[in-house]
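Student: Okay, here's the structure, questions in a sec.
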Amino acid sequence: MDEFSFPFQPYDIQLNLMREIRQCIEQRKIGIFESPTGTGKSLSVLCSTMTWLEAEELRISTDLSTRLGEVHTKITECDKITTADNWETAVREKMRAQDVETEILEQIQSRERLQSRIDQARRGMVEVSRKRKAPARDTDQFLEPQDEAAPSEEYNNDEKSEKQRDSDFFDDVDEEEEKPLKCLKIFYASRTHSQLEQLAEELAKTRFQPRIVTCASRGTLCVNEEVKKLKLNHLINEKCMELRKNGMSEKEKVQKLEKGTTKKTKTCATSCEFYNSTQIEDVVNGVLSNKLKSTLEVSKQGKLSNGCPYFATRKSVPQCQLVLLPYQVLLHDGTRKAWGIELKDNVIVLDEAHNVLNTISSLYSAEISTKSLTLALRLIREYNAHYKLKLLAHNLLYMKQLESLTSKMLIFLNSQSKEDVMTMAQLARNLNILEINLFKLAEYMEKTDLCKKFHGFYMRLQKEEIKKENEKPKLTGIQKLMAAKEAEPEPEAEPLPPPKPVPSPLFSLKSFIDALTNKCEDGRIIVEKSATEAKFRFMLLNPADRLSEVVTSARATILVGGTMEPAQLLVETLSRGSIGADSIRRFSCCHVIDDSQLLAVTVERTVDGKPFQLTYQTRGADTTLRSLATSIQALIPHIPNGVVIFVPSYDFLFNFQKKMKEFGILKRIEEKKAVFTESRQPTSDVWDRFSRAAKTSKGAILFAVVGGKMSEGINFCDELGRAVIVIGLPYPNKTSVELRERMKFLDTQMPNGGNLLYESLCMHAVNQAIGRAIRHRRDYAAVYLFDDRYAKESTRRKLSTWIGDRTQVKLGFGEIIRKTRSFFEANSKK
């Protein structure tokens, strides 16, 4: 067994990667690591981080014992000093030593308490304090149902927030225990839940058995059918909060049993049966004892034991050593706090991190339309009118500010005749809201659960309107007889379906207000106009600060991906903050394949000898498209099985295929291979049909778009991707408002920053597309880069190292054909 307990004999590149990761963690740095798909990246990261975790736990334990012994020795030495000259000094030193002793003992006791809790979990024990704290806001609700939409008291003394309420609910330890149980951990974040599940499967291949939990949304983990049927996450979240609020506390259950009450109240009937602390603790025990390692297992156990899997997962996080979580839980400040994620002294791994800056920008974006603002304004006004006698002065101030802000936003949007871009300061001046403190307004909405109250008020108004529509006027006895006599028999009307759940517009409004609390220079407000409505859209221009908040909080951060290059923008972004350049490590792996398994060439001239460069000016020209189509036709017969051709955009793709058809070239290509085209529709079966055809002796071609769904996440291994052809350099559209603003912002932050972003977006997309092929050690493929700009050294340096170092340039088309033929003949004999 090697130094990292790798489950197989590791390749040199895997050992190098694991050593680099371990060193990065030990030195408390930020690492940017590129490891091509097919090189065992996930296993390498897991084995290196788990090896460090084991060693660090042992080091901490040994260090505490050693330090405690040294302190005891120091105290004993101080006690032996009796001379008058040294006595005062000895007393001071002894007091300092005793303070250190207390600190060490607290750490040792905390570790012992944690181990005791794990032992309890393994025995399946659930310790419930006799003095269990009941959720504060549930205490009186069971006995006297309240108006859930009613305004709160002065919000500084308001009811407990959802997080506080859940904390009380989970407070199963004695009040004397001040510090929560927690341990050293690895936070491993990836884009999707399926990728996290794959990581758990990879871990199962190793000898490591850390306490592991996978964070997921309520939509993924909820087992309450009444809630799950709502489908949409925001509706699921709202329903979950509503049912938990309606549930009675443990104290109330005891009171009811003592009174012998059997009648179910309305509140009790609409609570969640799975929100039960004892049953939730059962599920937590399963996680901490390593019996439940996946979201599927946790969900099954939760349903079986009537314990909520979502809250069991949340409660398990502090005591788990490996926490798998989606990007949004780690990278979004509010979500991270809601989950109780503590980064201090822990290690972060961000998988597929090439797009981390765009991901953060997306997580902090917000928008609101005239339709939502109109409905929100109506709700706020009706709410204020309905509760005007209950609103305290402080609450009334904020509610009037909210009404004023909403009204001014709506008036401004309706008055706009064209699209516009503005800073947050400009928006405040345009709306004339300089007197409104948006920070305090957002805080008020958060602490009073205002969105939730409005949702209850909104749903109640909807029900009342439907009820009014269904009500018939009351008739006297004679009127009923006359009406029955005059009326012709009618078929019995079908009952009206229940109203579809609609989210309250206050959630969108609050998200937008939250966005406005970012630094003025860090964001832009875009006003969008369409034929039917207008909207405000907030765009975060500076995700660097948000990323810095995360990485500087942790002990070390590992940014890893199959295509991290070009990484210069990421490095510059991190360096602009409080992170010094010397704190960043970079490492790029070679591929596990041999040079003989990859043919990578730039196609600078087409088959007719003409220079090829696909630019905005040339991409629609018949001469350009004919030369390109003829070259593809000449190349295809020499490539077996599947060929994937990536083009810059859907518009180019459809025009190119139309022209190939006009030229008669498409028909000749189809005689050699079946041709398929990526659809804009997400439900298309093109992939399945291409996969079947590619494995035949004739083979198949798939035309796809760089940046489309086929260029990221799809596995073109073996026969599915014997060749990848990339047409042109897929630069993003510079007329895009978002891109233009981001480039302008980066130009103010660093020299040539906008162009660096422009180049990075293009080359990341190219590297992602190329990375779809060659997915394992014995795979092989050819890569053709159609554009003479790929021959430039500056462009090739932005390719992933394993591609750029192997790319051949300055070849004639005839030589490319000969190399292609030789390449596939040699590999077919292996």
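Just so you know, glycine gets a Cβ as well, placed from its N, Cα and C.
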Student: Given that Swiss-Prot assigns CYS222, CYS272, CYS308 to the [4Fe-4S] cluster site, pick the one from CYS215, CYS240, CYS320 that the record assigns to that site as well.
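Tutor: Among CYS215, CYS240, CYS320, only CYS240 appears alongside CYS222, CYS272, CYS308 as [4Fe-4S] cluster-binding in Swiss-Prot.
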Student: Looking at the ranges 351-354, 527-530, 603-606, which is given as motif 'DEAH box' in Swiss-Prot?
Tutor: 351-354
Student: Return one of helix, strand or coil for CYS240 ([4Fe-4S] cluster binding site), based on DSSP.
Tutor: helix
Student: In the motif 'DEAH box' (351-354), how many residues does DSSP assign to helix, to strand and to coil?
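Tutor: Reading the DSSP string over the motif 'DEAH box' (351-354) gives 2 helix, 1 strand, 1 coil.
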Student: Tell me which of the binding-site residues THR37, GLY38, LYS41, SER42 ends up closest to CYS308 ([4Fe-4S] cluster binding site) in space, Cα to Cα.
Tutor: SER42
Student: With the ATP site defined by SER35, PRO36, THR37, GLY38, THR39, GLY40, LYS41, SER42, which remaining residues of that chain have Cβ atoms positioned within 8 Å of the Cβ centroid?
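Tutor: For the ATP site the neighbour list reads SER44, GLY562, CYS589, VAL592.
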Student: Just how many other Cβ atoms lie inside 10 Å of the Cβ on CYS272 ([4Fe-4S] cluster binding site)?
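Tutor: Result for CYS272 ([4Fe-4S] cluster binding site): 22 other Cβ atoms within 10 Å.
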Student: Could you give the mean pLDDT over the motif 'DEAH box' (351-354), rounded to a whole number?
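Tutor: Mean per-residue confidence for the motif 'DEAH box' (351-354): 90 out of 100.
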Student: Under 8 Å Cβ-Cβ from GLY40 (ATP binding site), six or more apart in the same chain: what's there?
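Tutor: Listed in sequence order: PRO10, TYR11, GLN14, VAL592.
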